[in-house]
Amino acid sequence: MTILNPITFPVILESLLASNDLTEEQSNYLMNSWLDNKIEPVQTGAFLAAFRAKGVSGDELSAMAKILQDASTTPSDLPSFDLVDTCGTGGDGANTFNISTGVAFVSAALGVKIAKHGNRSASGKVGSADVLENLGLPLNVSSGKVVEALKKLGITFLFAPSWHPSLVNLAPLRKSLGVRTIFNLLGPLVNPLRPKSQVLGVAKADLLDPMSVALKGMGLKRAVVVHGAGGLDEASLAGANQFRFLDKDVIRSEIISPGDLGLTQISNESLKGDGLKTNSHILKSLLNGEGNQYHKEVIALNTALVLWVSGTEDDLSSGVKRALDCLDTDKSWLLFEQLRDFLAT
């Protein structure tokens, strides 16, 4: 009887097509082959389609994310303090304003060290990089400058394409496929500054478990994975939000509605953006202590998650209150201006 080598492209593809999860060794081999440009485009298309059909496991994600993170441009002088990232997988199609970007600056204004890892638009009309660039933040800056900003100001922004040069060769094929792939899930997991805590939004409820398992596998101290009411990849004001809380290697599930935290329940329509100009105006207004109440409340809800994962607050209710108080001031906008000016020099 012939025993097939389990670490070959055909065997790996057959395993995926049979809806079997890959071993860690297979996952590592596949990701390293992508990074070394050893997979033909037609094979890559087949693998990405097979993952999409099977559904990805948390162990597959963590194995591949570790390889991808190690291949990123990682500075030698990483900060000694713990960092938090705030991001979502995208794909909700809701076209909300840039909630997680606002959350990053409000959280930093409240003392949390934020390493925001982001890109241009994935599913919405405007990505975090798009809106920040439109407000004057330089994107293509040296890794040293990015880290220096974090140490000086307590917040920085990492423009994903600048930090993951090994993925450039895959970009045209991913775009030509026209569907979301495993790389859309890996992106939020591979912050090169290696935060120890994270708030991560998913657009589909069936991603809650694999993404939380992946974060655990990558050694995070604390994390929140959230699927928002109405299908948002953020905590929403529209109703019951589904959560996975990771704390000390234990993952627990919870459902929290805005009313549980004294917030208004309102449809996601109230959170919609409308292109780059409008989204930029909304974000600037909020950070400047202005903006409408519903926008402030959804920022406060998601900021409370950041305050919890960072250990700044023990409960979400107190985190919401602190965030709302901050949103009545211009502290967050002043911090944005400091970061913008620092990165521009």
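In case you wondered, yes, glycine gets a Cβ from its N, Cα and C as well.
For reference, Swiss-Prot has these:
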- G88, N119: anthranilate 1 binding site (BINDING)
- G88, 91-92, T96, 98-101, 116-124, S128: 5-phospho-alpha-D-ribose 1-diphosphate binding site (BINDING)
- S100, E234: Mg(2+) 1 binding site (BINDING)
- R174: anthranilate 2 binding site (BINDING)
- D233, E234: Mg(2+) 2 binding site (BINDING)
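Scoring each of the binding-site residues (T96, S100, N119) by how many neighbouring Cβ atoms lie within 10 Å, the top position goes to T96. N119 (anthranilate 1 binding site) falls outside any helix or strand according to DSSP and counts as coil. Taking only the Cα positions, the spacing between H117 (5-phospho-alpha-D-ribose 1-diphosphate binding site) and D233 (Mg(2+) 2 binding site) is 16 angstrom. Within 10 Å of the Cα of G88 (anthranilate 1 binding site), the following binding-site residues from the list R120, R174, D233, E234 place their own Cα: D233, E234. Cα of D233 (Mg(2+) 2 binding site) to Cα of R174 (anthranilate 2 binding site): a span of 21 Å. All protein chains included, R174 (anthranilate 2 binding site) registers 18 other Cβ atoms within 10 Å of its own Cβ. Counting every protein chain shown, the Cβ of D233 (Mg(2+) 2 binding site) has 29 other Cβ atoms within 10 Å. A 10 Å cutoff on Cβ-Cβ distances gives H117 (5-phospho-alpha-D-ribose 1-diphosphate binding site) a total of 26 other Cβ atoms nearby, all chains included.
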